[in-house]
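K.L.:
Just lifted these from Swiss-Prot, have a look:
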type    : residues                                                         : note
BINDING : Arg27, Gln28, Ala29, Gly30, Arg31, Asp77, Tyr154, Ser209, His327 : substrate binding site
SITE    : Asp77                                                            : site 'Transition state stabilizer'
Amino acid sequence: MAELKNDRYLRALLKQPVDVTPVWMMRQAGRYLPEYRATRAQAGDFMSLCKNAELACEVTLQPLRRYELDAAILFSDILTIPDAMGLGLYFEAGEGPRFERKADTLEAIKALPIPDPEDELGYVMRAVSTIRRELKGEVPLIGFSGSPWTLATYMVEGGSSKAFEKIKRMMYSEPMALHLLLDKLADSVILYLNAQIANGAQSVMIFDSWGGALSHSAYREFSLRYMQKIVDGLTREADGRKVPVTLFTKGGGLWLESMAETGCDALGLDWTVDIADARRRVGHKVALQGNMDPSMLYAPIPRIEEEVEQILAGFGEGTGHVFNLGHGIHQHVDPEHAGAFIKAVHEKSRKYHK
C-alpha cells in the first residue's frame, strides 16, 4: 500500500498535533455533485453503483478532485448487511429504502444468517480495496457501518419510519426477540468492519442515525450496549498504525459521556450540540467530529465562513477536532459553497494549532 501523504485526519482522531483542523463531509460523494449524478445514471440505480467496485471508487474520488478534503469515505449504504441477510433491499422513488421481507418476529430473527463479508458482502470489500489502491496514499480511507439499533429499525419496520411503532412495540413487549436481532447485527458489524479494515480502511465509523429516537434508559440497553460490543471486537491496528473508531448517534448529545466510555477514539456530533460544551464534557477522553448544520451551506459564503469561525473558536486551541457537518450534505447545495466551507476550515483553523 502507498505511504500516507496526508494523515492529519487520523492524527486529529488520536489527538496528536496537526497543522490545521482536518475536514471531510458526510455524504461528500453525493447528489449535490453533477459528476456523481452522471456516474449514478451510468450505473442505472443506487445499488448497482454500490455493487460496481470501479464506479463506487469513481464516486468516492470525485469530491477529492474538487476539494482539499482530508479523508475519503467508502461509497456504500448502511443497509448492505440486512440485504446480505436475505431481506431483499430495494428503493422506492420518494419512499427511500424498503425490504421485501421483514425481521419482525422471533422466528424470522432466528432464521437470519450472519453474512460472510468476503462472500455476500464481497462487493463492498472489492470497493474498499479498489478505493484504497486508487487513493495512492493521498488521504486515509474511512470504512463504516450502521449501528445495530439503526439497522434493526429498518429491518423490523420494513423500511424508513418516522414513529418507529413496530420496533418500539417489539422493544417493550418482546425485548428478548429484539436483543437477539441486535446481537446478531453486532456480530455481523464486527465481521464487516474488520473485513473493511483488512481490505484497506484506515479508520471506521458507526452511524447510529436513529439512536436519538430512544428514551434515556432504552438508548443504553438497545443501542449503546451493542456499539460497545462492536468497539470491543474491532481490529484496532493495521499497517502499523492505530485504526481509530468514531461513534455517531444523531440526536445523541445527552449521552456523550456514556459513549466516550466505550473505548472509541472519537464522537460525531450533530448540529444541536454546542461543541465547546461537548469538549468540556468529554474532550479529555475522545476527539470530536462535527458539527455545522448542513443547511448552513445554503447561506451566502460569508455567512458560512462566519459559522466555521464560530465552531472553531468553540472547540478552541489544540488537536482533537475533525470538522464536519452535523449530518450528510443536502442534495441541493451549490458545490461552490461546499468548497468555500472546506477552504474556510483550513484557512481559519491554522491559528488554533500553533
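Note that Cβ sites are derived from N, Cα and C of the backbone, with glycine treated the same way.
Not measured: the values here are computed from a predicted model.
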K.L.:
Between Ala29 (substrate binding site) and Asp77 (site 'Transition state stabilizer'), what is the CA-CA distance rounded to a whole number of Å?
P.N.:
12
K.L.:
Out of Arg27, Arg31, which of these binding-site residues shows the lowest number of other CB atoms within 10 Å of its CB?
P.N.:
Arg31
K.L.:
Quick check for the class: what is the C-alpha distance, in angstrom and rounded, between Arg31 (substrate binding site) and Asp77 (site 'Transition state stabilizer')?
P.N.:
14
K.L.:
State the three-class DSSP label for Ala29 (substrate binding site), counting H, G and I as helix, E and B as strand, and everything else as coil.
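P.N.:
Assignment for Ala29 (substrate binding site) reads coil.
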K.L.:
Looking at Cβ-Cβ distances, which residues of the chain lie under 8 angstroms from Asp77 (site 'Transition state stabilizer') while being 6 or more apart from it?
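P.N.:
Once residues fewer than 6 apart are set aside, Asp77 (site 'Transition state stabilizer') is near Phe46, Met47, Cys50, Pro97.
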K.L.:
Would you count the other C-beta atoms found within 10 angstroms of the C-beta of Tyr154 (substrate binding site) for me?
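P.N.:
For Tyr154 (substrate binding site), the 10 Å Cβ neighbour count is 26.
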K.L.:
For His327 (substrate binding site), which residues in the same chain are close in space, meaning a Cβ under 8 Å from its Cβ, but six or more apart along the sequence?
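P.N.:
Spatial neighbours, sequence-distant, of His327 (substrate binding site): Met26, Lys250, Asp270, Trp271, Pro294.
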